[in-house]
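According to TrEMBL, the feature NADP(+) binding site maps to R47, K52. Taken from TrEMBL, the feature FMN binding site covers H124, F125, S126, G289, K304, P305, T306, P307, S308, R331.
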Amino acid sequence: MKSAIGQCIQLSLFGESHGEAIGVVIQGLPSGILIDQAWMQKQMEKRKPKGKISTQRQEADIPEIVSGVFEGRTTGTPLCILIRNENMRSKDYSKMRNIPRPSHADYTAQVKYQGFQDYRGGGHFSGRITAPLVAAGAIFLQMLKSKGIEVGTHVSQMQEIMDEPLADDEILLRKQLLALEDQYLACIQDSVRDAIQKRIEEAQTQGDSMGGILESAVVGMPAGVGEPFFDSVESKLAHLLFSIGAVKGVEFGDGFDFAAKTGSEANDGFAIKDGQLQTLTNHNGGINGGITNGMPLRIRTAVKPTPSIYKPQSSVNLKTGEAVTLQIEGRHDPAILHRARVVVDSMIALGLVDLLTERFGILWWKGEDACGGD
Ligand SMILES: Cc1cc2nc3c(=O)[nH]c(=O)nc-3n(C[C@H](O)[C@H](O)[C@H](O)COP(=O)(O)O)c2cc1C
Ligand SMILES: C=C(O[C@@H]1CC(C(=O)O)=C[C@@H](OP(=O)(O)O)[C@H]1O)C(=O)O
């Protein structure tokens, strides 16, 4: 199993939803990076389940940094973060050992690991495994912030309910990202947030679930970053985003909407603004030829409805081959989007920190604040 990724900055994930702990090991980090554990915890809060729109499984989700940080700064050696599992209810899964939940990873994991996988709570395929990604992401996001680069995501669509899109104008975009920062169900428009909240609550009452689209932007990325062919910015970020459970679509700039456009509608003309080369529009989402062009990155991520729903579903007993009407019990998210948005930010940040390190070298991160011990 290869739960690992990255070129300059390498990250590997471990753990299962109902095991003792889950966690992450990060290698290749520069030394001297200030770790703000209070901010890391704030990021964790955004992924934590809250209210009727989330699973009822409550975990403390306190990241324990067990190596790689000394006197508050990275040492440059492998950094390991551990998060304990404490609120498991494994009996919810005992009935389902041989009956795969439709559209979860139960069947595919059973085939790949020949029945030896930890099936409880989806094991290594649980959305819970994204908790350490958020802890790690807090480090990457802070590294980006130290260079004036901001990443942010909002819930942009659920069925016909649509939020205002993120702006391409840098000043406005920075304001929007700041306003989204501390929201739980993050939307630009209050009325959209209320409508989406209501739609998820309705689905929850009916034992059903909802999906939707997350829109992300990155502002402040320098031009010239990206390693084509195969580590183009799109390839790198798509790889990371598709690794998140329930993500089924990723697009950059106008993405699939390009199908409806002509070249004259889709091209981003150049101009000099404030002494800098910029594009007049941003249909290409800040990336040309797999390399950043200095405009904001624009990314959309489609998240499917949570597979575990409470309506009767068709499944099969894998032992006997008999058809079964499956009634799922237990605690599940009626929607994933609002909790996944900070996971999306974290994955984008990892990809960009890796690419920036490849472009400018590890010493680039040594700003005045990050520099050296006493
Ligand atoms: C933050 C988060 C929370 C999730 N919560 C649940 C859940 O409560 N129940 C569930 O069945 N799936 C949940 N999922 C989705 C499953 O993890 C995902 O569908 C599964 O791993 C199969 O992967 P796939 O959908 O990409 O094929 C969650 C995913 C994320 C990222
Ligand atoms: C625990 C979390 O979410 C879990 C994600 C999940 C899944 O199948 O992905 C299934 C549920 O697990 P359990 O049945 O053990 O409660 C969710 O509660 C979390 O995200 O921290």
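The backbone N, Cα and C atoms fix where each Cβ goes, glycine too.
Geometry remark: T306 (FMN binding site) versus R47 (NADP(+) binding site), CA distance 15 Å. Residues within less than 8 Å, Cβ to Cβ, of K52 (NADP(+) binding site) and separated from it by at least 6 positions along the same chain comprise I200, E201, Q204, P334. When secondary structure is read from DSSP and collapsed to three states, S126 (FMN binding site) falls in the coil class.
When Cβ neighbours within 10 Å are tallied across all protein chains shown, the highest count among the binding-site residues H124, K304 belongs to H124. In the vicinity of ligand 1, defined as a Cβ distance under 6 Å, the following of the binding-site residues K52, H124, T306, S308 are placed: T306, S308. Cβ environment of R47 (NADP(+) binding site): D61, T130, A131, V134, R339, A340, V342, V343 lie under 8 Å away, each six or more residues apart in the same chain. Checked against ligand 2, the binding-site residues R47, S126, K304 give S126 in sequence order as having a Cβ less than 6 Å away from one of its atoms. Listed in sequence order, R101, H104, S209, I328, G330, H332 are the same-chain residues six or more apart from S308 (FMN binding site) with CB atoms under 8 A from its CB.
Secondary structure at R47 (NADP(+) binding site), as computed by DSSP, is helix. With H124, F125, S126, G289, K304, P305, T306, P307, S308, R331 listed as the residues that bind FMN, the site has a largest C-alpha separation of 44 Å. The Cβ of S126 (FMN binding site) lies under 8 Å from the Cβ of E16, S17, G245, each of these being in the same chain and 6 or more residues away along the sequence. Every protein chain shown contributes to the tally, and the Cβ of T306 (FMN binding site) ends up with 23 other Cβ atoms within 10 Å.
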